[in-house]
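Asks: Dropping the structure in here first, questions after.
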Amino acid sequence: MNYFILLFVATFLLLDVNCKKDGYPVDANNCKFECWKNEYCDELCKAKRAESGYCYKLKLSCWCEGLPDDEPTKTSDRCYGTGR
């Protein structure tokens, strides 16, 4: 039984499992991308290797679904360099 568990864990490590996340993508200044149209956000998110994206109208910001874990997303309200 222990060998089965060890083999199972080793298989996952070898497969390099990529996790996905959802969130607001950010630029180099940690600022969200402003938007008006869903098409703009969908293209932006897919360029960042996400599955899809849309314009979240209440915040006028792009929201991406299925972003790779290594892609930065908005974690604070701070936007460096622009005062926003």
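Each residue, glycine too, has its Cβ placed from N, Cα and C.
Sharing the features that Swiss-Prot gives for it:
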DISULFID  Cys31-Cys79  disulfide bond
DISULFID  Cys35-Cys55  disulfide bond
DISULFID  Cys41-Cys62  disulfide bond
DISULFID  Cys45-Cys64  disulfide bond
DOMAIN    21-80  domain 'LCN-type CS-alpha/beta'
MOD_RES   Thr82  threonine amide
SIGNAL    1-19  signal peptide
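How buried are these features, and what lies next to them?
Replies: Under DSSP, Cys31 (disulfide bond) is assigned to coil, being neither helix nor strand in the three-state scheme.
Of all Cβ atoms in the protein chains displayed, 20 besides its own lie within 10 Å of the Cβ of Cys55 (disulfide bond).
Under 8 Å, Cβ to Cβ, and six or more positions away along its own chain, Cys62 (disulfide bond) finds Tyr24, Pro25, Lys32, Phe33, Glu34, Cys35, Tyr40, Cys41, Leu44, Cys45, Gly53, Tyr54, Cys55, Tyr56.
Within the same chain, the residues at least 6 positions away from Cys64 (disulfide bond) whose Cβ sits under 8 Å from its Cβ are Asp22, Gly23, Tyr24, Pro25, Cys41, Leu44, Cys45, Lys48, Ala50, Ser52, Gly53, Thr73, listed in sequence order.
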Asks: For each of the disulfide-bonded residues (Cys31, Cys45), count the other CB atoms lying within 10 A of its CB, then report the residue with the highest count.
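Replies: Sorting the candidates by Cβ neighbours within 10 Å, the top entry is Cys45.
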Asks: Could you tell me which of these disulfide-bonded residues, Cys41, Cys79, has the fewest other Cβ atoms within 10 Å of its Cβ?
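Replies: Taking Cys41, Cys79 as the disulfide-bonded residues, the minimal 10 Å Cβ count falls on Cys79.
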